[in-house]
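> There's a structure below that I have some questions on.
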Amino acid sequence: MTAAEAFDAQAFVRRLTTQPGVYRMLDGGGEVLYVGKARNLKKRVSSYFLRASGNPRIEAMVDQVAAIEISITASEDEALLLESSLIKSLKPRYNVCLRDDKSYPYLRLTGHRYPRIVFHRGARKPNERYFGPFPSAATVRETISTLQKVFEVRGCSDSYFEARTRPCLQHQIRRCSAPCVGLVSEADYAASVDAVSDVMQGRAESLVRALQSRMDEQAAALDFESAARTRDRIAAIRRMQETKIVTGLKGDADVVVLESINGLTGVGVMSIRAGQNRGQVQHFPRVPKDVSAEELMGEFLAQHYTSHAPPDELIVNVAPAEADWLTHALSEAAGRKLVIKAQVRDVRRRLRDMASASLREALKHRVLSRQNIGSRLLALQARFALERVPERLECFDISHSRGEETMASCVVFGSEGADKSQYRRFAINGITPGDDYAAIRQAVLRRFKHVVSGESPCPDVLLIDGGKGQLASAMSALEELAVEPPLILGVAKGSARKPGLEQLFMPGKNEALRLDDDDPALHLIQQVRDEAHRFAITGHRGRRAKARTRSELDDIPGLGPVRRQALLRRFGGMRQLRRASLDELQKVEGFHRALARRVYDHLHENPSG
């Protein structure tokens, strides 16, 4: 008898509470099949077992249930929020799951006495101002660059700010007013920061009027240089406004649309902030069969807006299931009332239609891309006589600069192309600098230990960027772990190092294999290899940049980032710090005699700089 057959659902239901909560259905192996919420746990869970649902997906799931876990919540709203959180973390097979719920990028004004303007993604901090969301990181960075040109608000880190003794290059090119060295008063700097806030909240017109009055006063006082700068600032604000798409709405709203083409489903979120269209982001959730559009919309809104702050208004093209419950729960979580509107007209309808058209276009391109990937996977299967069409390809590459800051990459491709949520980088340490063979071996060992433990699936195809030596190193690691993917290839560029002339090496074969340059299987191998190369290089560059910015203070035991910053804030820079006496070091906040002695000895044992 299987665990599912042994599970006594009727007895379990009889003992259930009628309180609100969340239930998790598990199979015989302990895998979570489904997470659901309930106003009444007894009534909701019993509905799965008292009668046939008529839904093949639900019936197939119920047949596998070997256990049910319950979490009682204080309210129905809390149950909905907990359900969304568990779905995102557990990704159950029978739930709608967002594939990559990476947070949106925002523009942030920090809470410092002289705030900095920075790119932000992730959790919010109190006493700081956030503007967004934006559809892409590039849009945020472009906006920051423009705002710094216009308002000269700093973007440097607080530690860099505190350590300055003279203006940096940003001041010389008129992108920062140099508050670090007192070239602008705190009041004037605060006015510039408030102006940034006004522009980002759609209040540019009142700001322009104030600047025009100031320009007139400067001209009347014959301060023509200042008047010219103010004029240029007004012109720059006007240009910023001209690039914004005005929607006709006055407040904040998200337009959330759901569309399906050829079995592929997408959800588009168009962000309207202060009446301006900030752009649209498309999501392609994992959707089990037989899920209704209403259920999918409800699941998406619940999962998405428990991670991202919702605006006051959500305009949808499909009314979500349990809309009243969802609206109330999201309002409670946000601390303000929000509305979900499915029946709209005029400007809202035009915006909804525009979002739907954009999403359908994205779906068409994704369908074509999927078909292209599918044909290449079939070609790869046929070319290497694989038993089935590959579902997961992985490729490793190594990047370094003369052996320094070595970084390995592992990229993953599937039936829909690159699966970036599965990408991994490995910082390679403990090898002879420049030893690519040892680097590949270390990376493969670290990656495939997760396969052995069952935490990660084994790929159907493993590609190693390199020739016989790199392939042999990878095989050594795999043999040590007793793991062998169905197909393993070393991908070398050949003597001419031109695309289409790649040499493919297979374990146990001395001769390289060459595929025709128009072979779809080769095109797939090239695509995956090139992506691994890109991912390794960007990781290496980041590691190299971080190494270059390391301070020699990083090597002092017991001196963490907070105390390092306190030192630099107190003395202004390394030159002044080296001149400090032991007693002066001990007066720094958070320093005791032993730590001050360690810092003093380190600086005088290493006098360079």
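Cβ coordinates are placed from backbone N, Cα and C, and glycine is handled just like the others.
No curator has checked TrEMBL annotations; they are predicted automatically.
As listed in TrEMBL for this protein:
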type: DOMAIN; residues: 18-96; note: domain 'GIY-YIG'
type: DOMAIN; residues: 205-240; note: domain 'UVR'
type: DOMAIN; residues: 262-478; note: domain 'UvrC family homology region profile'
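Describe the structural context of each listed feature in the structure shown, including burial, neighbouring residues and relevant distances.
In the predicted model, residues of the domain 'GIY-YIG' (18-96) average a pLDDT of 89.
Using a Cβ-Cβ cut-off under 8 Å and counting only residues 6 or more beyond its ends in the same chain, the domain 'UVR' (205-240) has close neighbours at 146, 149-151, 195, 198-199.
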> Using DSSP, how many residues in the domain 'UVR' (205-240) fall into helix, strand and coil?
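Per-class counts: 33 helix, 0 strand, 3 coil.
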> Provide the three-state DSSP residue tally for the domain 'GIY-YIG' (18-96): helix first, then strand, then coil.
32 helix, 19 strand, 28 coil
